[in-house]
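*Asks:* I have a structure here, written as structure tokens, and I will follow up with some questions on it.
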Amino acid sequence: MASIELPLEAGRAPAPVQGWTLLAALPWFAAVAVLLLVPDLTYQPLGRELALIWGAVGGVLTLLGLFGNRLGRVGRWSALRGPWLFAIGAASVLWTVVTAKTGWLPQPFFPTPQAMLEVFLYDYGKILHSAAFSIWLLAKGFFFGAIAGFLIGVGMGWSRAVSYWATPLLRYIGPLPATAWLPLAFFIFPSSGSASVFLIAFSTAFPVAVLTWSGIAAVNRDYYEIARTLGASPLFLIVKVAIPSALPHVFVGLFMGLSTSFAVLVVAEMLGVEAGLGWYLQWAQGWAAYANMYAALFVMAAMCSGLITLLFRIRDRVLVWQKGVVRW
Amino acid sequence: MVTAALKEDLPGAGREISIEAVSHRFDLEGAPLPVLDDVSFTIEPGSFVALLGPSGCGKSTLLRLIAGLDHPASGAIRVDGAQVGAPDPSRILVFQDPTLFPWRTVRANVALGLEAQGTLKTEGHRIDAAINLVGLQGFDKAYPHQLSGGMAQRVALARALVNQPNVLLLDEPLGKLDSLTRLAMQTELVRLWQQSGLTAVLVTHDVEEALYLAQRVIVFGPRPAQVVADLTVDLPYPRHRGHPRIAELRHEALRHLGLEASW
Ligand SMILES: Nc1ncnc2c1ncn2[C@@H]1O[C@H](COP(=O)(O)OP(=O)(O)O)[C@@H](O)[C@H]1O
Ligand SMILES: [Mg+2]
């Protein structure tokens, strides 16, 4: 164990091999051994294919462990993630044992790794299609909601009249979960798709409006006076002073809006939209296809975290000036 | 050459400012708070005048009135004979805090005035000249949080000067700097004023600073401010801080401020 060092302590000359990465290959090979050598309780498909995949992972990790420090980006990644790669391999062993080999976790509620592979192999088209549909629906709703919320927030922050009329409405209607509108929205809108876009927009707009508004209210008054003595018009004060200064708040609102819109999206798809990951989940439940449900959940998590990451990237780019002002 | 770019077509350079029987008051929780009491004086075009007075007497208020950010309760303020209305880039106020826009680089901060006036395309060349003038070449891509206090205040000066103001209103612009930076910046203020020919009005509560920089020091009493003395500093530039005439004038200024004992 002494030769294994956590790769996080960077700065010294690179070690000849990545200890953790090499170690991480072991559980993957162990998983192959368990899969092939221990008999399954019931018939499982694709055992050999899965063994091939896991074996390949173990092989790649071995190579990365041996030569990774000479490989640049990929090598740096594996050096950093060695302990995680180990843990995932170990989890695969455990999973195989408690489902396929011993049945400690009952079938079919806890599918075997082989069954999961089967779903991804034979149903990936439908899953990807559902994911793409969900993303598109979410994108439309989020886009309109963010714009509407932003404009409402700017209007409330800037104009007394807008604030007078909008504040009570926002106070009263805003906190209502957007999903409560679902039955009505499906009834009013021509299609369940447009109803969902509206509800996602609605749930996004509320936090974006509130935070944009508070961001604009918090702008340092001196900024306005400085801009005015420099010859700024009211439009300039809004666009070049108030809005840039309020942007950090706006992004907080966007993050909150995106999170709530996920919930609205899934519920809307489950209840009325005949496509998307939420619908897939519902459909799989109807057929008691538990492996498909886990697959859909897995893809859904990837989608949500991917979109949040994307928003983080955009924020890092737009608010690059904030680095060093605040800790992220 | 740098200054040439800033000085070119300066229309009439410094302007005359006349304060005519100006009184002003604020509303403080319902009760009126008189701040300026019948203040009158005239500032020669192109001169450097310091306004000296105890803290809270109303110096900043007077400067804001000249800038046009507020309007006097009674009396009038004229610049070259015309009554001051809305704020105008020909009269620029520099605050005690640099108050740079944190989301803009140094260059974009300096460009603010030209952008606001819509003259960025035609007058953009002045930005580099202004940045060089305050000695910040090479920092144009830096963000405000990467600057020291002195550098940030220089950017604030460049942001003002790039507009070729006729009147520069300085509200304790060096008040928050450390004493060494402060001395260096004082010398620089004199240089900038001499090179641009504008009318400079400096608010300060530092007697030394007023006497080192200005041709004339107007001393205010406690709130509501009234002019209690009008001193002429008849010394050529560059000045020496230890000059006996400065010591003399300091004695006089402190006497007017009621601080004779501390001399
Ligand atoms: N906007 C305002 N509302 C109410 N009182 C004010 C306002 N601005 C300044 N004052 C008061 O006016 C007096 C003079 O302020 P100021 O001009 O800033 O003094 P200083 O001479 O220190 O610059 C102070 O007592 C201050 O509290
Ligand atoms: Mg003041």
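Here, residue 1 is simply the first one shown, and the rest follow in order.
Keep in mind that glycine also has a Cβ here, set from the backbone N, Cα and C atoms.
Note that the structure is a prediction, hence the values are computed from the model and not measured.
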*Asks:* Match it up for me: which of A:84-106, A:245-267 does TrEMBL list as transmembrane segment?
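*Replies:* Spelled out, TrEMBL records transmembrane segment over residues A:84-106, not the other listed ranges.
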*Asks:* Residue list, the transmembrane segment (A:226-243) vs rest of chain: Cβ under 8 Å, 6 or more residues beyond ends.
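*Replies:* Sequence-distant neighbours of the transmembrane segment (A:226-243): 154, 157-158, 216, 219.
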*Asks:* Compare A:50-72, A:127-152, A:172-190, A:197-220, A:293-314 by their Cβ pairs under 8 Å to the transmembrane segment (A:20-38) and return the stretch that comes out on top.
*Replies:* A:50-72
*Asks:* Count the CB pairs under 8 A between the transmembrane segment (A:293-314) and each of A:50-72, A:127-152, A:172-190, A:197-220, then give me the winner.
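*Replies:* Against the transmembrane segment (A:293-314), the leading stretch is A:127-152.
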